[in-house]
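Colleague: Annotation comment: Swiss-Prot describes 48-203 as domain 'FAS1', evidence class sequence analysis. Positions annotated as region 'Required for binding to host hemoglobin' by Swiss-Prot: 154-172. For 171-181, 191-200, the entry in Swiss-Prot reads region 'Heme binding domain', with the evidence type experimental evidence. Residues or ranges marked as site 'Heme binding' by Swiss-Prot: HIS122, HIS175. The site 'Required to bring heme into proper alignment for the reaction' feature in Swiss-Prot is assigned to HIS172, HIS197; the stated evidence is experimental evidence.
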Amino acid sequence: MKNRFYYNLIIKRLYTRSGGLRKPQKVTNDPESINRKVYWCFEHKPVKRTIINLIYSHNELKIFSNLLNHPTVGSSLIHELSLDGPYTAFFPSNEAMQLINIESFNKLYNDENKLSEFVLNHVTKEYWLYRDLYGSSYQPWLMYNEKREAPEKLRNLLNNDLIVKIEGEFKHCNHSIYLNGSKIIRPNMKCHNGVVHIVDKPIIF
């Protein structure tokens, strides 16, 4: 009887120290409830890095990051992409940058105006997560209070249009999103001043 008393006391303390709950709460399998909890857990998590921090730290953006080291326009590009935004960027991976032949790349790097245009053509205003490009079906989000329709095009920082094309079905997980023919291969890298998606080809006008 005495052992039973101590057993109950220990169990009681365990429940008390586990979040202060003496009565364990029932677990739900309701998808909507789970989605809300996951949303609040991750959507509102603060992010300290900026887009510039991400460019210099991500292994898939090493070649692209070299463009920001340009002696003439590099500092102005860094300044612009460090502002509050929010921005949505579609930066080409190392493999994508290698699609540009050496001669063309050297011409691009040696022409400061073309270099600046090349970088800014990959950046748009506003905050577009991958799901928003497909059309958000859940609400409310952190920055928007209503459902967002999938855009037909986005306007970049140079006022050029990025045509959004969707292939496949989101619910079947066989979908792809293209911007001017460049496919998003790594989405939703959130930053303090926006979000970055990596694409498989440079966006060239």
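A Cβ is built for glycine as well, from the same backbone N, Cα and C atoms used for every other residue.
Since we're looking at a predicted model, the values are computed, not measured.
Map the listed features onto the structure and describe their local environment.
Modeller: If one looks beyond the region 'Required for binding to host hemoglobin' (154-172) by at least 6 residues along the same chain, the residues whose Cβ comes under 8 Å of a Cβ in the stretch are 80, 88, 90, 117, 120-126, 128, 133-134, 178-181, 203, 205.
In this model, the region 'Heme binding domain' (171-181) carries an average pLDDT of 82.
Within the chain, the region 'Heme binding domain' (191-200) has long-range Cβ neighbours (under 8 A, six or more residues past its boundaries) at 46-51, 53-55, 58, 60-61, 81-93, 95-96, 127-130, 179, 182-185.
Of all Cβ atoms in the shown protein chains, 23 besides its own fall within 10 Å of the Cβ of HIS122 (site 'Heme binding'). According to DSSP, HIS122 (site 'Heme binding') sits in a coil region rather than a helix or strand.
For HIS175 (site 'Heme binding'), other Cβ atoms within 10 Å of its Cβ number 13. Annotation note: HIS175 (site 'Heme binding') sits in a coil segment as assigned by DSSP.
Mapped onto three states, the DSSP output places HIS197 (site 'Required to bring heme into proper alignment for the reaction') in strand. Non-local neighbourhood of HIS197 (site 'Required to bring heme into proper alignment for the reaction'): THR88, ALA89, PHE90, PHE91, TYR130, ILE184, ARG186, PRO187, ASN188, MET189, each in the same chain, at least six residues away, with C-beta under 8 Å from its C-beta.
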Colleague: What is the interatomic distance between the Cα atoms of HIS175 (site 'Heme binding') and HIS122 (site 'Heme binding'), given in whole Å?
Modeller: 22
